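S.K.: Relevant sequence annotations retrieved from TrEMBL are reproduced here:
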- 71: active site, nucleophile (ACT_SITE)
- 164: active site, proton donor (ACT_SITE)
- 1-177: domain 'GH11' (DOMAIN)
């Protein structure tokens with residue numbers, strides 16, 4: 001769980017891998033909630049549930065590595081904002097896995113919040129072309145695809161099926177595993 005001072009959310013952690021969150025964020029609001037593994041790694045990550053959003057939000061496999069510091073996403077569904085719209089983002093091709101096609105993107109975050117404090121680091125994204133809210137993510141396939149185009153990963157930290165909510169409102173009920 002992480003939220004900045006502008007986030008407005010209600011988060012409930014249920015039994016096992018279940019959680020619920022609803023939010024209504026104004027400008028500048030941002031949070032991440034989820035359940036998963038610490039450390040992350042090469043696994044088949046199953047999840048199911050519901051995700052409704054009006055505004056900017058993502059349902060994704062979300063995690064971090066250190067040495068090098070990397071923030072990464074496998075975006076399964078999203079609201080109105082596609083992170084690849086950022087002018088500084090670079091496209092690296094496609095990966096076919098998990099019953100669909102994902103675009104591979106990266107950009108650099110400068111002086112941004114991270115698991116080690118404020119830092120400069122790359123973000124990697126696999127963005128599913130046909131959104132879904134349930135299935136299996138083969139993390140190894142995404143990691144190999146990123147590394148094959150020069151997007152290096154480090155030592156795995158945490159890895160979750162998460163909701164990131166920014167400007168806008170929504171609700172989600174997710175079960176991991």
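Quick reminder: no glycine exception, Cβ is built from N, Cα and C everywhere.
TrEMBL does not curate its annotations; it predicts them automatically.
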S.K.: Between residue 71 (active site, nucleophile) and residue 164 (active site, proton donor), how many Å separate their Cα atoms?
M.R.: 13
S.K.: Sort the residue listed as 'active site, proton donor' into helix, strand or coil using the DSSP assignment.
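M.R.: Once the DSSP labels are grouped into three classes, the residue listed as 'active site, proton donor' ends up as strand.
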S.K.: Near the Cβ of residue 164 (active site, proton donor), how many other Cβ atoms are there if near means within 10 Å?
M.R.: 20
S.K.: Including all protein chains displayed, how many Cβ atoms other than that of residue 71 (active site, nucleophile) lie within 10 Å of its Cβ?
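M.R.: Other Cβ atoms within 10 Å of residue 71 (active site, nucleophile): 20.
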